[in-house]
Amino acid sequence: MHDHHHEHTPSLSNLNRAFIIGIILNTVFVIIEVISGFYYNSMALLSDAGHNLSDVASLLLAMLAFKLSKSKATENFTYGYRKTSVQVSLLNAIILLIGIVAIIWESITRFKTPEKTNGENMAIVAAIGIFINAATALLFLKDKEKDLNVKGAYLHMAADAIVSLGVVIAGIVIMFTHWYWLDAALGIAIAIVILFSTLDLLRDSFNLSIDAVPKGIHVADLQKQMEAVPGVISVHHLHVWAISTTYNALTAHIVVANNTNINTITNIKQNIKHLLEHANIQHSTLEFEMDCDECEEEI
């Protein structure tokens, strides 16, 4: 009963390609920013290069986690290394938060003592950044709601595209007005915008790391649907958690009538598993019990 997995799980080969292209594009841009930053004596470009370098690291981590999430089970790791995808998504959110704090800190410092900046060169280099970051973000757009690591990569790239757009606008305005404080003010505003999306990623990945019910799955509704399957009297000891960012698991006790035969139980099991696959639960363990008093004991 695994016919529907491809509907909920991103393609490994497609994402591998997306991660590799993203890593190459952003590494090239980091080199461009570092060279430009030293050549034009621009701390803004050098700071952004450091921020983009953290994105390259995040993409490498996300790609590693995605590959590990597809690993086969071993004697010691019976679920393989699937859980690493959850841990890496949490780490990605933390890296984003650190980046936001760094941007705000640098922006406040620059706001107090504005530095003279070459607005034209700043805008040109940042415009290249918009193209590279937006192109990389688009690679992950289709699968961003299917995997937290892909969502993290998308948010990193989309956030950087917004930052680059802000730098272009600031560079153009500075070019004509010499308002050097604008660079710092815009940095703070952009950091606050990025913060909101990052907190959402942090909450989701933290919840999965402590085995909370995955987003989009409602246990009470799921229990009602399972109990509505013909032949099922009740469902209890129902547990749902995430093994990885794309692979969810469930265990449950299914109570059936005392006189239920093995063929009927097999049919009930198949119907429930089919229902669960459509509810984005890929791995389920069902324990069947006859309708009796001792079945309702607490775990």
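Using N, Cα and C of the backbone, Cβ positions are placed for all residues, glycine too.
Automated prediction, rather than curation, is the source of TrEMBL annotations.
The transmembrane segment feature in TrEMBL is assigned to 18-40 (among others).
Annotation comment: TrEMBL describes 20-206 as domain 'Cation efflux protein transmembrane'.
The transmembrane segment annotation in TrEMBL covers 90-109 (among others).
Taken from TrEMBL, the feature transmembrane segment covers 121-141 (among others). Tertiary neighbourhood of the transmembrane segment (121-141): same-chain residues 15, 18, 21-22, 25-26, 28-29, 32-33, 36, 40, 42, 44-45, 48, 52, 150-151, 153-154, 157-158, 160-161, 163-165, 167-168, 170-172, 174-175, 183, selected by CB-CB distance under 8 Å and a gap of 6+ residues from either end.
Taken from TrEMBL, the feature transmembrane segment covers 153-174 (among others). Tertiary proximity for the transmembrane segment (153-174) is limited to same-chain residues at least six positions away from its ends with a CB under 8 Å from its CB atoms, namely 19, 22, 44, 48, 51-52, 55, 58-59, 62, 92, 96, 103, 117, 119-124, 126-127, 129-130, 133-134, 136-137, 140-141, 144, 180, 182-183, 186-187, 189-190, 193-194, 197-198, 201.
Sequence annotations record features per position, and here TrEMBL assigns transmembrane segment to 180-202 (among others).
TrEMBL lists 214-282 with the feature domain 'Cation efflux protein cytoplasmic'.
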